[in-house]
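First comes the structure, then the notes that go with it.
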């Protein structure tokens, strides 16, 4: 058992605090012979990096990843490849601004893990949220880049932001290419100005807002996953719910399935022109009985508003005195904006794990 | 790694097919000295039992549990107690009606695991859904009864059905006692006739419907759970998503959190008259940073409509021929109705596991 | 984590007490499509069964195994095959002789787990040793029979008794076929009368004796196993040391390696006539760096004398009073005699697990 | 499952190659509030460090450890303490001498993992043995230092070298203090000149030799450990067998138990003057039924001769050509000499894990 690991055969253990010297992860179980360079990983990290627009934290982190083990290049290969031994990745923290932390040292910020860490551990690295900081997700994104190598080019994983506050995208406009054209990862270009206006309003009010994201994996073959507690959807739910600030996860039709009838929910099956299995709909989000159907795997997750807000809220301090609290500093008004690469990484890690698990049990 | 186990320190491994000789589970890690009889477990099983109203399957299963190990009574104790060794529980299948399974033997029922099991394993116990049958949840309920012994009487876990199809309960009417007065586990007496009428309509149409349930644990002390991949909410999400037909899980405000602002979402903290921590709201569902706050732990899960319906749907058979399919037999039109004891059991198992995990790391 | 499970991808969880209603195991991760009947398992159980000679316990147990799940026969197959779901095996206890247990209920037998279970758990099923009885190994043997199905006919696992008390076999006489001709599993026919005489003497003295066994797996391909904590030898050591009464485990040259020089210990490599790798010796017992070399995998384990003896020994009771104790009842004077099938089973389980683990990481 | 992790609740994952940029480990599950500095860990690393005498490798490594996470100091504490989050430790490799590796790049050194890694992974970091180098044990020693913090000052763990080649210490001379006075960790001062002479002889012959070590933990309370596959002795066997070059492990009387009778092996129990349990001997090595008895926990492990020797041995290269091979470079003629701190570390890690496991299940 490990509180800070996820996955079984593709197993990632993350470590590090927001303002410690570094953070990183160790990946165990990666198959040998996969080409892997720091640049491969850096590309994904750069997509998650802070400081890319006025709507995300202004903390400036290079987020430069170093590969410390598990990869080797000799003159027989065309570049570094994985060796089958543990891959250790490290990202040094470089912009831990020296500041007065006395406020959050002693006060419990509502919606943060301050109180629960103090109750549980009696001690807490309060600088920048310590271990509970969203900076930990950099290690996930790095691991996700390795997971994608295992999945290969035929499996495409993409994540889109589909709702900020009350403003949803129009699914009729959905264009994955659009997610790479705006800093919101929005698949609908038309929503961008709406969200910008809304976020400006939220910021002016010293507030924050929640969001919903959708992550989709295409090209996953039928047969991955397993009954009963190794279900693909169960593992995805755990993986996505473990992301900071996530409060809900759904697969396929999700909560909407509650209002469907058996007929409307049934993903009926036909034979394609090529003789393949073809489904007439995908309410099940590409998973039946915990096992992939070959359709797109579709998951959504809801993110609560950033708890660090400029508006005063009431709270307690470690001495149980009632206090008021405003959280200044560099914070995202909507952490959902930078969550897309993290959602992709979690999907990639879960699928890589299940690819190996499937291979173990069935040889396939 | 185990596909059929859940939990770490309170670890449950379930086994069994719907129409095999028996099903059951092995519970490992249960502390010694807890009073435990088959009757304790039977009480929970009886709440899940089929055949209790016209809206659930008419299969008649006694669901009688036997304790095969891990419990011992000698003349020094007031009755059987757990010994700290594995507790093996078995429920024999008694009503596996001998019937012609030729239909589902060769045809893949849409929305079921028929196709995915066939693709993955090449072989499948098709009788009554085999391993993917909801009968497997009987083993979960049995394990949950043991988990409650670990949690003790101060932690109360209750689950309510809060929506069937489009019909939601009125939360203003919420009364937990009501859930024990009607066969729907509804906390709002007024909804019962509405649901009855709706379900009659659904049955007449040869259809089925989805549902939403809410499970709440009261009395959980602050401090259980763990960062980052041992989060209480992450484990709950996996546990609830692993229940048959579940397509969504949310904690506290859940998907609604997406539309909240930072201020409205903040669960502000005050000092109670007794000097305790008191929250002014519970949007976080009793969990912050993956660790319990001491408030009620609140989770909801959505269940899709039963896939076995009397109306014809289109599908394929194992030879990839297109076929039409009506599923006759004994099926719940809304599997959500019997899911409340299962939701409680999963909550109990997750909490029992985390109680032991918390004790391991902090001694507390 | 599970105290009562072993293996990772071929994962076995055992349960049951010596005098409870039954004992058994759940096997998770078994690949689908392997032919498996109760008879396959029974054959191995019968080799371990008590009552086969005057040197083993006279307890009469049919040790009949039932397969409760995970195996299915339909008209498309030539007999029952595994389905990929958990295989639950149960053996009912039928000869729990009703007797007066007051002696061991309150007194701690030296060399037994009586005292340590009491200290740890505060309660103990004292009947026949409860969970710590060697009867638990029946479940291992059953699991081993399934493991052998995964390994296939090219991997041969055999275990021989090579020493009882001071009397060692003559390795020059080694003949595996002999192990099937005598009730000692001795590979040297000449040792049998020596051991018989020695055991008669031991029994007359109301005493017992230790033993050493050697287990060998042939046909294991090179490449199974893994650094650093998934080493084949490390897993074998744990597996063999977990057998009741085992106090030592060695691989290849084992403790003798301490006195070897680098030259004499080196298993030099040559190319065989067929162009294969060939080693000139096997001091490493078929494992280098935790990974199989393709040679025979060779392990030995030492078993202490049965602690239950007719001669009086001094001890304490639960009230900390000093007592004298003679253990009457049905006991093996040398538990090593029946340990060969258990050694084979543990070897089979470890190898089956590593076959799947190897396949997961390398596809091979 | 993780190939590179050990322990369950005190869980250590190591990473790194001999000639990569660094090596290290991540420790998960450490309780909060334990004082911990890099100096605490460095003290143990320095005991394992190469270059301390003419009988060990002349590689010069500072082996300076950095704590990258999991420890925090604020003005409320008297120094850094663990926070309950993962502790990441890193040791940079500084003396990776740039050299011509062409020999071991293509040739398989007998007794090394060269061939098995190549077969398994198809690629191998051959520089200095890569992942299979004994340098990996530095990470274990670092983890062991943290484990000792969990165990506290009342549990004393010591390891002694008791045999080199055919030369055994005289147990009558045993003095733990002596192990800190000579570079062999010998508990018998008289053996030191014997070993020095023998090792000089071995070196002159261009050879190497094996060794045996004994590790003892005092002060472990009765009750730690667990049946059946969580046995303390089973976990110890795995831990010690996972150390490079170890070929045998025994507990208490070990292989000698095979020749004992039931009477001579029985560790009889008496009541001490203080009313405590007292054993008259310790053939069981402080463990019964996998659970500690309160006596010293005693384990021995055998180490094979260093495989890298100056004398020519026959082998193969990657092209399956027969070659001759002499291993020059900096090598220990007897790796057992530096293994004592590693044995202690493994004992400490196993015990720390079981302390937490015991606490989880029994609260004690």
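Yeah, the Cβs are placed from backbone N, Cα and C, and that goes for glycine too.
On a predicted model such as this, the values are computed, not experimentally measured, just so you know.
Sequence-distant contacts of residue B:48 (NADP(+) binding site), defined as residues of its own chain at least six apart whose C-beta falls under 8 angstroms from its C-beta, comprise B:63, B:137, B:138, B:141, B:338, B:341, B:342. Here TrEMBL flags B:48, B:54 as NADP(+) binding site.
Sequence-distant contacts of residue B:245 (FMN binding site), defined by Cβ-Cβ distance under 8 angstroms and a gap of at least six in the same chain, are B:134, B:303, B:304, B:306, B:307, B:335. DSSP assigns residue B:245 (FMN binding site) to coil in the three-state reduction, placing it in neither a helix nor a strand. Annotated FMN binding site per TrEMBL: B:131, B:132, B:133, B:244, B:245, B:289, B:304, B:305, B:306, B:307, B:308, B:330, in sequence order.
Fewest Cβ neighbours within 10 Å among the binding-site residues B:306, B:308: that distinction goes to B:308. Taking the C-alpha positions, the distance from residue B:54 (NADP(+) binding site) to residue B:131 (FMN binding site) comes to 25 Å.
Ranked by how many other Cβ atoms sit within 10 Å of their Cβ, the binding-site residues B:54, B:131, B:304 place B:54 at the bottom. When the C-beta distance to chain A is held to under 8 angstroms, none of the binding-site residues B:48, B:54, B:133 remains. Checking the binding-site residues B:48, B:133, B:245, B:306 against chain C with a Cβ-Cβ cut-off under 8 Å leaves nothing.
Around residue B:133 (FMN binding site), the same-chain residues at least 6 positions away in sequence with a Cβ under 8 Å from its Cβ are B:17, B:18, B:244.
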